[in-house]
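To keep things clear, I will list the structure first and then write my remarks on it.
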Amino acid sequence: MALRGFCSADGSDPLWDWNVTWNTSNPDFTKCFQNTVLVWVPCFYLWACFPFYFLYLSRHDRGYIQMTPLNKTKTALGFLLWIVCWADLFYSFWERSRGIFLAPVFLVSPTLLGITMLLATFLIQLERRKGVQSSGIMLTFWLVALVCALAILRSKIMTALKEDAQVDLFRDITFYVYFSLLLIQLVLSCFSDRSPLFSETIHDPNPCPESSASFLSRITFWWITGLIVRGYRQPLEGSDLWSLNKEDTSEQVVPVLVKNWKKECAKTRKQPVKVVYSSKDPAQPKESSKVDANEEVEALIVKSPQKEWNPSLFKVLYKTFGPYFLMSFFFKAIHDLMMFSGPQILKLLIKFVNDTKAPDWQGYFYTVLLFVTACLQTLVLHQYFHICFVSGMRIKTAVIGAVYRKALVITNSARKSSTVGEIVNLMSVDAQRFMDLATYINMIWSAPLQVILALYLLWLNLGPSVLAGVAVMVLMVPVNAVMAMKTKTYQVAHMKSKDNRIKLMNEILNGIKVLKLYAWELAFKDKVLAIRQEELKVLKKSAYLSAVGTFTWVCTPFLVALCTFAVYVTIDENNILDAQTAFVSLALFNILRFPLNILPMVISSIVQASVSLKRLRIFLSHEELEPDSIERRPVKDGGGTNSITVRNATFTWARSDPPTLNGITFSIPEGALVAVVGQVGCGKSSLLSALLAEMDKVEGHVAIKGSVAYVPQQAWIQNDSLRENILFGCQLEEPYYRSVIQACALLPDLEILPSGDRTEIGEKGVNLSGGQKQRVSLARAVYSNADIYLFDDPLSAVDAHVGKHIFENVIGPKGMLKNKTRILVTHSMSYLPQVDVIIVMSGGKISEMGSYQELLARDGAFAEFLRTYASTEQEQDAEENGVTGVSGPGKEAKQMENGMLVTDSAGKQLQRQLSSSSSYSGDISRHHNSTAELQKAEAKKEETWKLMEADKAQTGQVKLSVYWDYMKAIGLFISFLSIFLFMCNHVSALASNYWLSLWTDDPIVNGTQEHTKVRLSVYGALGISQGIAVFGYSMAVSIGGILASRCLHVDLLHSILRSPMSFFERTPSGNLVNRFSKELDTVDSMIPEVIKMFMGSLFNVIGACIVILLATPIAAIIIPPLGLIYFFVQRFYVASSRQLKRLESVSRSPVYSHFNETLLGVSVIRAFEEQERFIHQSDLKVDENQKAYYPSIVANRWLAVRLECVGNCIVLFAALFAVISRHSLSAGLVGLSVSYSLQVTTYLNWLVRMSSEMETNIVAVERLKEYSETEKEAPWQIQETAPPSSWPQVGRVEFRNYCLRYREDLDFVLRHINVTINGGEKVGIVGRTGAGKSSLTLGLFRINESAEGEIIIDGINIAKIGLHDLRFKITIIPQDPVLFSGSLRMNLDPFSQYSDEEVWTSLELAHLKDFVSALPDKLDHECAEGGENLSVGQRQLVCLARALLRKTKILVLDEATAAVDLETDDLIQSTIRTQFEDCTVLTIAHRLNTIMDYTRVIVLDKGEIQEYGAPSDLLQQRGLFYSMAKDAGLV
């Protein structure tokens, strides 16, 4: 009543009047309502938002926007609006001054509105100064103000049209001006202003348009339309993608997470924690002590400190991403509340249809209200999803970045506890789990909220009967809980099997050449399949669980409805199930279905994420290296003349292990050259690692002055150009670079390589020989111009003459580094007289130290060692060359000084992993032939320098053949059975709802309905048939998915193992690992679920359309055009979405490849202090991947908003036609039709989402098939031409006019080789780098097939028999000793063909029996990944034991002893001489002394045999062999 006096002088104007506004055919608001509520609502909105918005703007300054015409116009309009409002105010004062009495509202409302317009103008300028290009707050304000003004405008027009109406001319004119200005202001607010000054997007060549998009464009995702149209017209490429928004980049996201994690760890460290480690076996060699990965992880899980002391990764993630993510809470809450508007409006609509007296406009009002709330719901929901997906993306970026950074700093012992496969899984699978969880996590509070609201409204509708439904739901909770627990168990088991499988696949791909040489593919295939079988067992259990889960989720809402309706109609006969009660309840039950369905998924997703969270926490909590354990000083600091000082230091590889190095004390003056010598496993490499801070320092003091460069024993090469490998992040200085290349003997190699130093080097340097790799590694160190150089036996990988060149020009007293401090670990004694200091290691201690002469004079262990090996090798030379041995200590010393090359002619050329099968070694030999060819056009060169094939994205639509392949993999019977059961399920659902509509239309007789029991029974029966069909299709799809998984994996594995070596050389291992991890995971887990959802959505949409057409046939006019719009939107989207998914998959491989590469070279990266550069590279690769992912999630939102608008139109027309036909329709049919139309939005959205998911996920099948159809090598076995089991009996090998090339378009690398090697002969194969030595042996094993000619072994042409028949009958001891993780026995005999006795005999002959006997597990001793818990020498002896076990007639040694010390070399050579006495032995040798007693020697040069004969004959010829022997100091 008080407002009456406020609104009018005489109190005749009420605020609300039902007869004016509702119960009339011509509705209007009262004048009081127009002057108060409609004016105040926009004002209150803006003032309520102002404090929060002001705070937000003050904290988020994006830069300053210059005044633009748009901004000036908006500001001017703001002032005009203020003037217009206050003109009304002054007019009121003027009227009062003339004695006209006015109600207070005419003073209050204009004042409030005027002040609000000033506030709006102030905000327009504040936004400009803070860099806001388009404002949602302001757009909403102008929209609300305009909608309120629209109601007033209609009223004023209606009043003006009345003849006797009183008109207030001045106020009417000001209102029309006010309305026009509001309309213009709203239109202008729809546009975006220019970018702020100094904004980063100004310099970005391809910025994301989102940052400059208008608010309207952002909420409807219109800004991505350009990309989607482009993707529809032509397949999208990487160059089409926009840069990431700055706030989504690794540079912004990762440091925050890392910083918060460190803080959390620091907090935790303050707590008293006791960590227990299991003690390691003391018998393990300590030089590179490794820990079994699985054992360590288990130990960490079981024995990690009490839970409360663990740092909480969840807390850190929340702290990092929570603030942004919290916005999604707000949107989700609004959406959840709006969800219930649909059923309530449906209730009013059914009431309207039943009430024949109600005016028509009410029906149209309900229809519009239904449409508007649905559209608002759509916009709010997709803003919510957008925030969730962006949060998920940021979390994934941050987790990958944190794992990468951690991998660069963890200790070696921690590194061994997580295999490469496990760490890659952390980056791929576990990071993805967090990403997926971000979308669902809100459902934890939202689902219960929805359930409570739905139940409350159901109570209002049905009363206490709803408790029956609640009871059903409560009964389902423990069922879901049990399933969630089981899911977690299976999840852990599945991840464990998967880790083991990826780890084994990694090893297989890294050691594929060895597998092929030994013909071990089948044994390893069986190992992988055994692990896969365990994995599939778990997947099968999960599938059964999933089927039960689907059954309960689908049936629960129906059971709830059935029980509720049954109780409702049976407890009281007067309870009538009319249309309003039934369909509003049904609509609420449909809402209830979503939270009930999603909760188990969310719980399962949380369970999976918790497993991942634990795995990540364990990895991120690993111990880190302590760089502070070594005191580093810059050179200019002075502080003594010593470069390196070590005092009483003890080092260990793992804190839990006994020390590896004990009581080390030495100091090295600046500029000194120091050699470190000693037997295998004595701690030489460990000493260098200790100086690099790679080991844990237990006690003592270590100080290093200046920067460090490191050359590891096994060269680490990046997949990059040769130049970039040498520069390694430094600036190019051409003269210095040239001198480094020359000093490292790389000039001849640059001439040979297709594009010189711009030639791309394959992964792990596959297209370089061992010597070339080592020289590149050396050049990298030299170019870095460091103060201290640590060389781990770099000269063992190169020829004698190259070794001499490098020592003289780089390492030695007159080399480039003569003024630098150099520590050289070496097995070669020829260089020792030239070094300043020799450190002799023994058993992890320094046994002797001094100059060469001092150590000889002491006559200790070093002198004894020299005497032993010098004398034996001099005796050999004496016999070979007819020289009389000289005895006596003095003379012997002299002999050692001058002739020491006898002892080690430096010669290992690390296994030329590709000299044999890459195109480049082909080029190496080919280019030697003709210098003219070196002058080939640069363009031609540039074409050839790319060796590694990047992961390619397919383009265009996924072929139907891919779907057909998948159906065949499932089995056609199961495929069609699934479709049939899906159909049965949906027909039953449709029938049950139609039956319900008939029930609600039953006539009411004496206050009750007849046939209630019959209706209820049929309704229940239809529900049961639906449940059976659901269970059936769920089982069929799950089992089919597992069958397809098994089939596709077996095909892929078999195909990869049957691929030739050339395939592995040009395919980065990251691509292959990606197929076996991510793509296979998609086939295992994603595709069956997507199929279920796709089929469900498809039948739901068809069902909804049928119901709407049955109820209102007039809808046939509108459904086809809407269907057409839907189809076009969907096609537009799928074309781009599919390509974005492919680009995302393709850009993911480099992330893993780079990560793998980093893990292999982590010690080099740390030594050169290049961590920041590698982190930056990794971040760029992750961002490149997210550049494809981000548009794909936005495209999803773009699609959903448009499709839901189509769905909302269906709701609009279904309701509209129901209102138009209300006199001819029953309430039951209206209820059925509108309740189905309310669901059609969701169904349509899901259908396109799932059809797109289907297509994007089926890409995984396409990518698996892509590698299943690669070229294959020859068959492993050919029954028709299989040689006799006793073949070869003699071992006679004939090369007849044999030619070899690596590719069709390349020249021969071996040409016209004609040579016969008789059984039992020992033949040495020698030649300079690139002469074709390894090519010859690889031709023998048919790693490369002959281009012309043939090889005959004991009368059988080897090209005619199966590869395994051939390779089983020849044995090779390769240059790089490769071992696989698994037992020692498995490494010797993977097929378990030999008895334990035979295995022990081979170990005894290989001088390993004592070592293996001392191990606690003997033959079952677990070898680490790559065999790294054995020293190189021990690994080489294991390879010898393999050869002794196979004992074939033909043995090939591929520079097998170059990497080992003299003692091991001696053991191997003597064993070969005695045990393979009656066999044909072919030896590729760089240490010529090892082949001087051979029957004959083949000298190769430029792919041709230059000399062939007995060593003594060739020396007399004084040809190539003689010059090589001379270089080696043998003559």
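Cβ coordinates come from backbone N, Cα and C, glycine included.
Neighbour density for W653 (ATP 1 binding site): within 10 A of its CB lie 29 other CB atoms from the protein chains shown. Under the heading ATP 1 binding site, Swiss-Prot lists W653, G678, Q679, V680, G681, C682, G683, K684, S685, Q713.
Annotation source Swiss-Prot lists ATP 2 binding site at G1327, R1328, T1329, G1330, A1331, G1332, K1333, S1334.
The annotation domain 'ABC transmembrane type-1 1' is assigned in Swiss-Prot to 325-608 on the grounds of sequence analysis.
Note on the domain 'ABC transporter 1' (644-868): mean pLDDT across this stretch is 86. Taken from Swiss-Prot, the feature domain 'ABC transporter 1' applies to 644-868.
The domain 'ABC transmembrane type-1 2' annotation in Swiss-Prot covers 975-1256, and the record cites sequence analysis as its basis.
Per Swiss-Prot, domain 'ABC transporter 2' is recorded for 1293-1527, and the stated evidence type is sequence analysis.
Non-local neighbourhood of N19 (N-linked glycosylation site): empty, since no residue in the same chain at least six residues away has a C-beta under 8 Å from its C-beta. According to Swiss-Prot, the N-linked glycosylation site annotation covers N19 (among others).
Non-local contacts of N23 (N-linked glycosylation site) by the CB criterion (under 8 A, 6+ apart in sequence, same chain) are absent. According to Swiss-Prot, the feature N-linked glycosylation site maps to N23 (among others), an assignment based on experimental evidence.
Annotation comment: Swiss-Prot describes N1006 (among others) as N-linked glycosylation site.
Taken from Swiss-Prot, the feature phosphotyrosine covers Y277.
The Cβ of K503 (N6-succinyllysine) has 21 other Cβ atoms within 10 Å, all protein chains considered. For K503, the entry in Swiss-Prot reads N6-succinyllysine, with the evidence type similarity to another entry.
What Swiss-Prot records for 1-33 (among others) is topological domain 'Extracellular'.
Away from its own ends, the topological domain 'Cytoplasmic' (55-74) comes close to residues 124, 126-133, 185, 188-189, 191, 193-199 of its chain (Cβ-Cβ under 8 Å, at least six residues beyond either end). The feature topological domain 'Cytoplasmic' is assigned by Swiss-Prot to 55-74 (among others).
Annotation source Swiss-Prot lists topological domain 'Extracellular' at 96-100 (among others).
Sequence-distant contacts of the topological domain 'Cytoplasmic' (122-133) (same chain, six or more residues past either end, CB-CB distance under 8 Å): 50, 53-54, 57-58, 60-65, 67, 71, 74-75, 78, 192-196, 199, 211-212, 214. For 122-133 (among others), the entry in Swiss-Prot reads topological domain 'Cytoplasmic'.
Summarising the annotation, Swiss-Prot assigns topological domain 'Extracellular' to 155-172 (among others).
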DSSP-derived class (H/G/I helix, E/B strand, else coil) of Q679 (ATP 1 binding site): coil
Distal contacts, the transmembrane segment (101-121) - CB-CB under 8 A, six or more residues away: 5-9, 13, 32, 35-36, 39-40, 42-43, 46-47, 50, 75, 78-79, 81-82, 85-86, 88-89, 92-93, 95, 138, 141
S685 (ATP 1 binding site) and A1331 (ATP 2 binding site), Cα-Cα, nearest whole angstrom: 32
Cβ atoms near A1331 (ATP 2 binding site) (within 10 Å, other residues, all chains): 25
Secondary structure tally of the topological domain 'Cytoplasmic' (1047-1089) (DSSP, helix then strand then coil): 38 helix, 0 strand, 5 coil
Neighbour-count leader, CB within 10 A, binding-site residues: Q679, S685: S685
Helix, strand or coil at S685 (ATP 1 binding site) [DSSP, three-state]: helix
Other CB atoms within 10 A, centred on G1330 (ATP 2 binding site): 30
Stretch with greatest number of CB pairs under 8 Å, the transmembrane segment (591-611) reference, 173-193, 441-461, 968-988, 1026-1046, 1112-1132 candidates: 441-461
Secondary structure content of the topological domain 'Cytoplasmic' (1133-1203), with strand meaning DSSP E or B: 67 helix, 0 strand, 4 coil
Long-range neighbours of the transmembrane segment (968-988), counting only residues six or more past its ends (CB under 8 A): 554, 1022-1023, 1025-1026, 1029-1030, 1032-1033, 1036-1037, 1039-1041, 1043-1044, 1047-1048, 1091, 1095-1096, 1099-1100, 1102-1103, 1261
Same-chain residues near the topological domain 'Extracellular' (338-363), Cβ under 8 Å, at least 6 residues beyond its ends: 24-25, 27, 369-370, 373-374, 376-377, 380, 450, 453-454, 457, 579-580, 583-584, 587-588, 591, 1215, 1218-1219, 1222-1223, 1225, 1227, 1230-1231, 1234-1235, 1238
Binding-site residues (R1328, K1333), the one with most neighbouring Cβ atoms at 10 Å: K1333
Rounded to the nearest Å - Cα separation of W653 (ATP 1 binding site) and K503 (N6-succinyllysine): 22
The topological domain 'Cytoplasmic' (385-440) - residue tally per DSSP class, helix then strand then coil: 50 helix, 1 strand, 5 coil
